[in-house]
Amino acid sequence: MTLDMTNKKISTKNKQVEERGQWGSKVEFLLAVAGNIVGLGNVWRFPYLCYKNGGGAFLVPYLVFVVTCGVPLFLLETTIGQYTQEGGITCWRKLCPLAEGIGYGGQVILLYSCMTYILILSWALLYLVFSFSSQLPWASCDNYWNTDNCVDFSTKNETFQWTNRTNTSSAATEFWERRVLAISGGIEQIGSIRWEMLLCVIIMWVTCYFCIWKGVRSTGKVVYFTATFPYVMLVILLIRGLSLPGAKQGILFYLLPKPSRLADPQVWMEAGAQIFFSYSLGVGTLTVLGSYNKYNNNCYKDCLLLCLLNSGTSIVAGFAVFSVLGFMAHEQGVPIAEVAESGPGLAFIAYPQAVAMMPLPQLWSICFFVMLLLLGLNTQFVTMEVVMTSIMDMFPSVMRRAGRRERFLLLFCLTCFFCQLVMITEGGMYVFQMFDYYACNGACILFLCVFETLALAWVFGADRLYGIIKDMTGMQANPFFKFCWLYLTPLVSLGTFIFSLVEYQPLTFNRWYVYPTWANVLGWVLALSSILLVPGWALFKLATGTGSLSQRFHHLCQPDPDFPVNQKRETELQPSRGEDLQQITTTFIPNTESP
């Protein structure tokens with residue numbers, strides 16, 4: 001009687017713990033990954049890097065990094081996620097406990113990214129609201145925020161004045177700096193909160209919360225719209241851009257090769273940073289997204305397809321952007337180099353200024369900012385989901401109970417919201433740039449990727465990874481990937497990381513404001529907060545383990561002996577691969593039955 005009551009209590013307790021869940025279909029996985037990796041960097045960073053670093057010649061280092069780092073790491077991270085069915089931290093406990101700090105470092109970077117991305121989305125939302133005005137507010141100099149130095153490019157007779165005045169600024173620039181940001185003189189002058197921006201930030205956090213609060217069940221449905229509609233907008237803007245006068249000159253400027261630029265190491269470093277950033281490598285994103293797949297999903301084929309989609313979208317976006325910038329330069333009568341911008345400068349100054357010169361400017365402005373919003377939302381959804389999954393997988397018995405996820409997600413959103421309030425002040429743009437330059441930059445990600453490949457290829461074993469892909473997909477991966485994991489990827493990543501440190505330049509804003517020393521020190525603290533978790537966690541585990549130092553090290557480098565095939569996977573494999581199940585079980589699980 002007592003035993004029966006105990007079993008009932010255990011059964012009731014276990015029922016309260018919710019299942020981890022999986023993607024509703026393969027399409028949801030593909031759309032979620034595509035929505036994450038195809039983001040704002042494809043639209044506002046890649047085209048600018050092409051123009052800046054030799055046009056078509058930039059594609060050479062770009063493709064080198066795609067082949068040696070981008071695709072191999074993309075496949076590696078997706079594979080370990082699908083294999084372990086764990087988040088960005090707990091997957092390391094199964095494969096190589098000594099390297100668990102890589103998972104913690106990735107989550108810290110994602111935490112910083114959540115705060116900066118929401119701010120970009122809030123700017124895009126504010127511009128979208130203004131796009132419904134009868135006259136675009138950045139199209140004229142007749143507003144209360146404009147100065148005497150403002151130039152209205154929609155009036156063509158101003159071109160002569162523009163080319164002959166040095167202390168001038170465009171209407172779009174003044175709208176951005178004086179109306180939207182109300183930017184102060186420096187990071188020392190924080191000023192007051194911008195209440196319009198505060199409202200936009202709240203709206204974006206509420207939107208993100210309700211889109212992912214139920215986990216992959218809700219995220220998987222949302223991405224059907226948010227991951228596909230930006231492509232509709234991009235095609236519309238591309239067709240419109242190519243039909244504008246001056247578009248041809250813009251595209252030639254974008255693609256015309258300058259082979260001499262290949263001799264500049266900075267070009268190669270920027271190509272590498274772009275790959276690591278746009279492919280979402282090193283931070284655990286792909287691991288978490290892959291962990292919601294079924295064990296026998298063909299992740300090998302999926303990764304190759306998604307990498308092709310990401311790079312292809314970047315190139316197509318360049319045509320859409322530079323066709324419009326070519327039109328803008330044509331209308332102003334100035335070289336394209338004077339209107340080409342990157343980052344927020346492209347999205348919130350150059351492109352709005354260009355659409356203000358077109359017929360039906362409100363329509364094209366709405367299309368552009370809807371596209372930016374959806375591209376950014378995709379990335380934000382996935383970033384938040386990755387952090388949530390990684391933390392929930394650390395404490396499954398506590399976090400996977402009814403209502404716990406929703407409450408913890410609310411706490412996460414509120415924490416990020418209050419931490420980023422300083423970014424929506426009059427001096428907030430300087431804080432935003434500091435986070436973007438130090439906390440979320442390529443050097444931090446490069447560092448994590450170096451140790452990720454070393455831990456998985458050399459400690460866990462490249463041969464073992466190769467066999468896992470064969471077991472999961474039924475396909476033999478190209479031996480080139482094994483060579484990359486062992487040699488090319490860690491060497492190229494380490495070389496790029498070292499060069500980024502050698503070529504480090506203190507942060508500046510708009511080429512005129514130099515950050516004070518204390519701000520650069522704070523920036524390095526933000527960068528080291530993720531980097532130092534890798535050696536810090538390894539030293540902590542070595543110091544607190546049992547046995548001799550060599551025994552601790554050996555133990556921490558071994559995968560979980562009880563992990564390779566669990567009962568859940570056996571059940572999953574049974575319907576589709578029943579014939580192979582006995583062989584897999586025999587290979588990975590020792591026979592414990594009596595003879």
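Placement of Cβ uses the backbone N, Cα and C atoms for every residue, glycine included.
All TrEMBL annotations are machine predictions without curation.
Feature annotations, reproduced from TrEMBL:
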BINDING   GLY35, VAL38, ASN42, SER278, ASN310, LEU375  Na(+) binding site
DISULFID  CYS141-CYS150  disulfide bond
TRANSMEM  29-46  transmembrane segment
TRANSMEM  58-76  transmembrane segment
TRANSMEM  109-130  transmembrane segment
TRANSMEM  193-212  transmembrane segment
TRANSMEM  224-247  transmembrane segment
TRANSMEM  267-292  transmembrane segment
TRANSMEM  304-329  transmembrane segment
TRANSMEM  363-387  transmembrane segment
TRANSMEM  408-432  transmembrane segment
TRANSMEM  438-460  transmembrane segment
TRANSMEM  480-501  transmembrane segment
TRANSMEM  521-540  transmembrane segment
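Over all protein chains present, the Cβ of CYS141 (disulfide bond) has 22 other Cβ atoms lying within 10 Å. Taking the centroid of the Cβ atoms of GLY35, VAL38, ASN42, SER278, ASN310, LEU375 as the Na(+) site, the other same-chain residues with Cβ within 8 Å of it are ALA34, ASN36, ILE37, GLY39, LEU40, GLY41, THR313, SER314, ASN378, THR379. Only pairs six or more apart in sequence are counted, and the transmembrane segment (224-247) with the transmembrane segment (408-432) gives fewer than three Cβ pairs under 8 Å, not enough to call it a contact. Listed as Cβ neighbours of the transmembrane segment (521-540) (distance under 8 Å, sequence separation of 6 or more from its ends, same chain) are residues 98-102, 104-106, 108-109, 112, 434-435, 437-439, 441, 443-444, 447-448, 451, 507, 515, 556. Contact counts against the transmembrane segment (193-212), taken as Cβ pairs under 8 Å, peak for 408-432 among the stretches 58-76, 304-329, 363-387, 408-432, 438-460. Applying an 8 A CB threshold to same-chain residues 6+ apart, the list for CYS150 (disulfide bond) reads CYS141, THR168, SER169, SER170, ALA171, GLU174. Each of the binding-site residues VAL38, LEU375 was scored by the number of other CB atoms within 10 Å of its CB, and the largest score is that of LEU375. Long-range contacts of the transmembrane segment (408-432) within its own chain (CB-CB distance under 8 A, at least 6 residues past either end) are made by residues 111, 114-116, 118-119, 122, 181-184, 186-194, 197-198, 201-202, 205, 208-209, 212-213, 384, 387-388, 391-392, 399, 509, 513, 515, 519. In summary, the transmembrane segment (438-460) does not lie against the transmembrane segment (304-329): fewer than three C-beta pairs, each 6 or more positions apart in sequence, are under 8 Å.
Between the transmembrane segment (480-501) and the transmembrane segment (58-76), the number of CB pairs under 8 angstroms, six or more residues apart, is three or more, so the stretches are in contact.
In this view, GLY35 (Na(+) binding site) is surrounded by 26 other Cβ atoms within 10 Å of its Cβ, with every protein chain counted. The C-beta environment of ASN42 (Na(+) binding site), restricted to residues of the same chain at least 6 apart in sequence and closer than 8 Å, consists of SER278, ASN310, THR313, SER314, ALA317, LEU375.
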